[in-house]
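Look at Swiss-Prot and you will find 165 tagged as active site, proton acceptor, backed by similarity to another entry. The annotation NAD(+) binding site is assigned in Swiss-Prot to 26, 27, 46, 50, 51, 77, 78, 97, 165, 169, 195 on the grounds of similarity to another entry.
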C-alpha cells in the first residue's frame, strides 16, 4: 500500500475540516471531489472570476447526496480579508488554489494579477495564521524557475522571472517562508508543472493548451502551435496534483514542512508530440481517422522553451508517487471531454 493509499484510508476513518480557495476552478473542484469522496467536510471559497458553477455542479453529480451535504460554499474574494477570516474559521487544513493563473493575462494586466496573487495570498496567510490552522498548502508555480537553463528543474535553483505572474508566485514563496520562521506557521508550496485533466476550461483567451486543443479537434477547428512545436513541458494529470496536496497538508514529519516541492511526473513532452497524442487518442475514442495537422505561429512572449521537473524532493519527503503519466492522464481526460463537451461547452 502506498503512502497516499494509507492516507486516504486514514482520512475516511478520521474526517477533517478543509478549506479550498478557488474551489470552483479546475484544480479546486478536483480537490473538492476527492475530499468529498473521502467523507471530509469541505468549505469552499470562490468569487467565480475564473471558476465556474458548472464545475461544482459536475462534482455534485459524482458524489452521494450525503457527501455533498458536507460541502459549505462561501461566495467571497481572497482580496477581502473578512472573507478570508470567515472561510478559515474552525478549519484544520487550507488548500489555497485561488489565483489569476495565466502568463499572458499577467502581461496584459499585471495590476490585477498582483492584487489577486499577492494581496489575496497575504490575506489568506494571515487569516489562516490567526485561525491556528494545522497546515497551509498553496499552489506555487513552475514559472518561478524563469530563465534558469538547467533541466530537470531542482527546487533550490531558480532564475529571473519571465512574467508578472512568475513574480507573484515567487513572492508567495517568500511570504510563506517568512510566516514559517516568524510565526511558527506550517506552510508548504507546490510548484505545479502544466496540470491538466477534467473540468479544465477549454474556452477563452487564457485557456491551457490541452483542453483548448481537445475542444477544437472535437469541433473540427484548426489547432495552432506557438513556435515550431519543439517546446516541451512536464504535463501533470490532476490526480497527481490531488495526491500532492493531501500528502502535503497532512504530513506530520517536521523535516517535510515549510518547504517548496515540484509537482509533476518528471518527464517532458513536446507540443508536437502532445498534438498527435491528443489527435490520435480522439480518433480511437470516436472511431475516426482524422489526419488534421497543426498550424504554426510565433513563439509566445513570457514562455520558457523547455520545462521538466526533478521530483526527487517530494518523493523523498512526502512519499509522492505520480500514478498517471501523460498517456494515461490523456486517456482519462479525453473520455471526460467527449462525454461532457456537448453539454458544458456547446454554446461557445
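For all residues, glycine too, the Cβ spot is worked out from N, Cα and C.
Walk me through where these features lie, including what they touch and how far apart they are.
Around the Cβ of residue 165 (active site, proton acceptor), the number of neighbouring Cβ atoms within 10 Å comes to 26. Following the DSSP three-state reduction, the secondary structure of residue 165 (active site, proton acceptor) is helix.
Within 10 Å of the Cβ of residue 46 (NAD(+) binding site) there are 28 other Cβ atoms, across all protein chains. Under DSSP, residue 46 (NAD(+) binding site) is assigned to a strand (E or B) in the three-state scheme.
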Between any two of 26, 27, 46, 50, 51, 77, 78, 97, 165, 169, 195, the residues recorded as binding NAD(+), what is the biggest Cα to Cα distance in Å?
24
Give me the CA-CA distance between residue 78 (NAD(+) binding site) and residue 165 (active site, proton acceptor), in Å, as a whole number.
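Residue 165 (active site, proton acceptor) has its Cα 17 Å from the Cα of residue 78 (NAD(+) binding site).
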Between residue 195 (NAD(+) binding site) and residue 165 (active site, proton acceptor), how many Å separate their Cα atoms?
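One finds 16 Å between the Cα atoms of these residues.
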Does DSSP give residue 26 (NAD(+) binding site) helix, strand or coil?
helix
